[in-house]
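Below is one structure; the comments refer to it alone.
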Amino acid sequence: MNASFAYLIQQLIHGDFNSFERHIKQHPDLLNIRTRRHSLLTFAVLNDRLRAVHFLNKHVEKGLSFSEGDENGVTAVHWAVIADAEKCLKYILKIPHNPEWMLLKDSHGITPVHLAAKLGKTKFLKMLLEAVVDVERFYEEALDECNRSSLHYAATCAQLNCCEVLLDSCLQLQADQRDDNNQTPFMCAAASIYPEAANVVRLLGMRLVKNGKQSLLTARDKNGRTALHLAVLTSNNPVIEVLLNELQCQSETFDNEGRTPLHYAAHRGLLEVTKMLLDAKARNVTRDIFGVTPAHYAAAEGHREILDLLLRRPNPQEVYDKDRRSCLVWAIVKRQVETVKYLLENFNYDSNDRDKYGYTAVHHAAHVGSTEIIKTLFKCRNRYDINSIDNNRATPLHIAAGRGLTDVVRYLITLGAVRESEDFLNRTPMFYACFGGQAYTLKVMLNELQCNGQSVDAYGRTPLHCAAFAGFAACIEVLLDTQEYPIYAEDNDQLTALHIASLYGKLDCVKALLQYGAAVNAHSTAGDVTPLDCAILNGHRRIHDYLRANDGVTATELKDMAARIIQRWWRSKRSRQRFHRYQDPSPPRKSLRHQRIFQM
């Protein structure tokens, strides 16, 4: 900062106007200096030095102006409100200007009126409103970039006195004016976290009722949320009490996702709010667009007290989501162990209960990998079957193996799960481990848990086929490290694992299979293809090149080779036969020669 400029600012702060004016007359070029785009005029307003402001205002030709904005577009009028520069603000408002001083906007469209309302500066707000000349223009232009009025700002910051001033002024600002988010000042007040929010909500709500706009108490923003939704989101109990008890707002309103305020309260664990909503006739049976009730959200987050309230009113009953999953299942999926124990102890769940996919509670516990929940289900009064099957006849062991949950696999088998249980395609848990690429789990199942790795599914495929199809070379290596594993096994279409890997472009699997001795030119008579044909069929060029480099041929070439070999063998055999015939004496011919008769 220029030293002389800094000196002038110090003179403003200390009120030494004589030195200030004398220094400017000696150095008029200081009027052109800006610090972060703040001129001397701005600093004079900040310190409410009316004499200095009056003196500097005469130098308009030097570029000094009250409407000049800093790097954020904040003008001297804005700073007058912020810094409580009452004398300077009165002086500025008396100077004619177009647009009016209170309509000057910063880079976010905020006017001095917005600032006064937000900061709760009632005196300044009255000064600005009284200076308004064109009421219609003020009503249209005194909006920020989100189309929020000064009443929105006052309501958001719960400035009760400012709200009263704005409502009772000649401008007649309305409590139902909407911003770009479709929110009214009433909704902004409901979402406020400030102490006076309840009083502001009461004021604005009563004005709406008085003006015959009671329906606007449940107006919705762009997300479909009402004032009650917003109040629950901010956990503002006094505001909620005003909305429900004094303004008689509906307790069941739905946002764009079909959620009621009770959904929000249950999800966030707001016990007192939940009680207030239930007393106001809110119901747990309401479902959002995902088919989920408030109790499901409470179970998922482990809010047991709220869960107890919701499930026991008006009488104990279980609720299901659109996939027919109970609160117990939601607690299991979110690994809420204590909530699971609470539900099993206090509610009589059917151990055979299934969702629409046929999954039982044990399936879900296996899916999330919680041995503790599986143990709880197994030991509860209604013992759950660990060999239960879903719609595809898959057991919890299938799911745990497919997800690589080795500890769960061990635990299930320890509890008595059937190792070789089959789904609707006769696939055992080993198949699921291969499909999921769970090499370590597969190794444990083979070597430690003694599972059968050579089982065959309905298509005649082994786990090796499935590992090749899914493209997991590590699983192939685990299987082939087992002694006497059938690497040449064919499915019902006479395809080997090498055929499958080549067909689906699994180069790593092709390399692993050839490394373990798979037949590079295994021929499927059913499809008349070799692994090379399979690679060519789906355009897997890299596999094609690799198989060629390892003496791979097509079925046609294989037949030609076989034909040439057979022909060579046949020619060799004929040659040997002729050779032996020349060496052995030929038997005498017993032919009768007739004499020729010549006629003369």
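Any Cβ shown, glycine's included, is placed from N, Cα and C.
Annotated features, as they stand in TrEMBL:
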type: COMPBIAS; residues: 590-600; note: compositional bias 'Basic residues'
type: REGION; residues: 577-600; note: region 'Disordered'
type: REPEAT; residues: 108-140; note: repeat 'ANK'
type: REPEAT; residues: 223-245; note: repeat 'ANK'
type: REPEAT; residues: 257-289; note: repeat 'ANK'
type: REPEAT; residues: 290-322; note: repeat 'ANK'
type: REPEAT; residues: 392-424; note: repeat 'ANK'
type: REPEAT; residues: 493-525; note: repeat 'ANK'
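For the repeat 'ANK' (257-289), the predicted model reports an average pLDDT of 93.
Residue counts for the repeat 'ANK' (290-322) by DSSP state, with H, G and I taken as helix and E and B as strand, are 17 helix, 0 strand, 16 coil. Secondary structure by DSSP for the repeat 'ANK' (257-289): 17 helix, 0 strand, 16 coil.
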